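Per TrEMBL, the features are:
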| type | residues | note |
| --- | --- | --- |
| DOMAIN | 14-240 | domain 'Cytochrome b/b6 N-terminal region profile' |
| REGION | 478-509 | region 'Disordered' |
| REGION | 533-558 | region 'Disordered' |
| TRANSMEM | 47-66 | transmembrane segment |
| TRANSMEM | 110-131 | transmembrane segment |
| TRANSMEM | 143-163 | transmembrane segment |
| TRANSMEM | 175-196 | transmembrane segment |
| TRANSMEM | 208-232 | transmembrane segment |
| TRANSMEM | 262-282 | transmembrane segment |
| TRANSMEM | 332-357 | transmembrane segment |
| TRANSMEM | 377-396 | transmembrane segment |
| TRANSMEM | 416-433 | transmembrane segment |
Amino acid sequence: MSKTTQAPKALRGVGNYIDDRFHLAKTGEKNLRKVFPNHWSFMLGEIALYSFIILLVTGVFLTLWFKPSMMEIVYDGSYERLQGVPMSEAFASTLYIDFDVRGGFLMRQIHHWAALIFVAALVIHMLRVFFTGAFRKPREINWLIGVAIFALAMVEGLFGYSLPDDLPSGMGVRILQGVMLAIPLVGTYISMFLFGGEFPGEDIITRLYVLHVLLIPALLLGLIVAHFMILWHQKHTQYPGVGKTDRTVVGTPMFPAFAVKAGGFFFFTFAVIAGLSAFVQINPVHLFGPFTPTSITSGLQPDWYMGFMEGSLRIFPNWLDFTIPIGPGYPIMVAVLVPGLVIPGLIFGGLALWPFIEQWITGDKRARNVADRPRNAPVRTGVGVAGVVFYGVLWLAGSNDILSETFSIDLYLTTYIFRVLAIAGPILGFVIAKRICLGLQRRDRETLEHGYESGTIQQLPSGEFIEVHKESSSETVEVLSSKKDPSSTVLQEEDVDSSGVENPDARKGMGKLRRALAHWYTKDNVTVRDVEPHSGHHLHHTHDHTSQEGPEEDEDGH
Ligand code: HEM
Ligand code: HEM
């Protein structure tokens, strides 16, 4: 871009007008030139943001016609098949949006698809942050904000799903009430309070509505703004490469390149969601009919993000339930309490605590702005995979009826299979993922030492066949040698004082546990400290596919 490029006169006029009043030019200029590191995985957070915006906009549209009322009426709208059927005003107004409001059906579909994609994007974004260790200092607080966003998003989705008061809605609310009732001592009270009496009562939709359109979106918006302010202030992590250190950022400036890219990506996300909504039917409430407590339907699935709770409720054994012999007997429903509250608590609690647990184990308290490659933190990667497998098994168990029907397996057998898998799956996942990481580490060390395998076989004059190894590019060498040595990441600073004297407590109690965990965390890592990189920047490597990023890539970063 030449230095003489200037904004059009009219735009400059507007700029001056604003600057005369708010003096924003200096900060504005600095922020417009802010550098964003480039990587496809950094777009996952953006997808979450864009789908959230779509949810807000379509949600407001729906509020114009949706009536959050449980008053019973007889349907008299344009959907012939439900003519004359008694239903709540909420359900009738949803049918009205579908069949009488122009574009209403599409808007409802967009709202629902955006919700599904929103939660999916934020889960994948969270996994990206987890597996690359981007939650480490200084980003722990932003991680915690993220976990809160995740939890709220699920509740928001569940409440939204409950609003139309169709059959699956009511069944979801019934499960919610069941879990509430299982809470010892206060369960019945909480349920009566929320439902304004017995289930279903006449208040629940109105109450969920207020939470769904006002309180939770406001909380989510506040948290997302905080998430971005912290991100802006702390800057983004970047993957290892030439010029990328814990102190420098390499990437594209905010304006114009990043802004244009982000703007384009918003429309792309919108187009995908709108395309899905136009062609793929989601939650066709007119086919399900209104909720009545006596009706039940088979083969129905909740929205995907509630699937793991459904699954854990389906497979958790009931032989742990017991009764406290006070008065007439006080039953404790372990089979509802554990899957309904303890398992989600463990999942969200584990997510929230992980950065602190890892920091305690490794003793690594330095700011980390270069993200880890997942293979270089094999235990973390293994723990993450174990978590994903556990979640995945529960999620699949939520469809056990459909699986048993599709594959003609006895329903009860699927329950036993899932019970075994829920315990064995995560352990296997951990071991396999860790082994793969260590294998990749060994290959990296090989590549660093000997260059990469070119696939060209040569015959030597002696008759021996060898595979030619080619020089790695400087970028590859940088990436491979960015790996921190296990002993340098595990700074047992608290165990040894500045003059090298060991803290006597380090070998007792918690200190001992921590040492053992630190040893377990790093013991198998492959070191690259002693490797002399086999790199030849000066050499021609015409077939070097590992160095596709040319040096131009680095020039726009500062
Ligand atoms: C993270 C944000 C949100 C999520 C995950 C979400 C999710 C959902 C879901 C899954 C439904 C059921 C849709 C269906 O019937 O197929 C729904 C319904 C609804 N949502 Fe949201 N929503 C969000 C934000 C909002 C906002 C901000 C508003 C309004 C300001 C809103 C207003 C509504 C209304 C009025 C309904 C009932 C109408 C209907 O079911 O068609 N939503 N929401
Ligand atoms: C509405 C939901 C969310 C939105 C809109 C959002 C948006 C973003 C964006 C755009 C970024 C920068 C680009 C990127 O790394 O993808 C980011 C970074 C980050 N997000 Fe989120 N996020 C959300 C949820 C979460 C969740 C659920 C977590 C974790 C539990 C989380 C943790 C983080 C962390 C730690 C960073 C900094 C990563 C780094 O610097 O590499 N976010 N977020």
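Even glycines carry a Cβ here, placed using N, Cα and C.
Just so you know, TrEMBL annotations are computer predictions that nobody has curated.
Worth saying up front: this structure is predicted, and the values here are computed from it rather than measured.
For the transmembrane segment (47-66), the most Cβ-contacting stretch among 110-131, 175-196, 332-357, 416-433 is 110-131 (pairs under 8 Å). Averaged over the domain 'Cytochrome b/b6 N-terminal region profile' (14-240), the predicted model reaches a pLDDT of 95.
Between the transmembrane segment (110-131) and the stretches 143-163, 175-196, 208-232, 332-357, 416-433, the greatest number of Cβ pairs separated by less than 8 Å involves 143-163. Only pairs six or more apart in sequence are counted, and the transmembrane segment (175-196) with the transmembrane segment (332-357) gives three or more Cβ pairs under 8 Å, enough to call it a contact. When the stretches 143-163, 262-282, 416-433 are ranked by Cβ pairs under 8 Å to the transmembrane segment (208-232), first place goes to 143-163. A Cβ distance under 8 Å defines the sequence-distant neighbours of the transmembrane segment (262-282), meaning residues of its chain 6+ beyond its ends; these are 43, 46-47, 50-51, 53-54, 106, 109-110, 112-114, 116-117.
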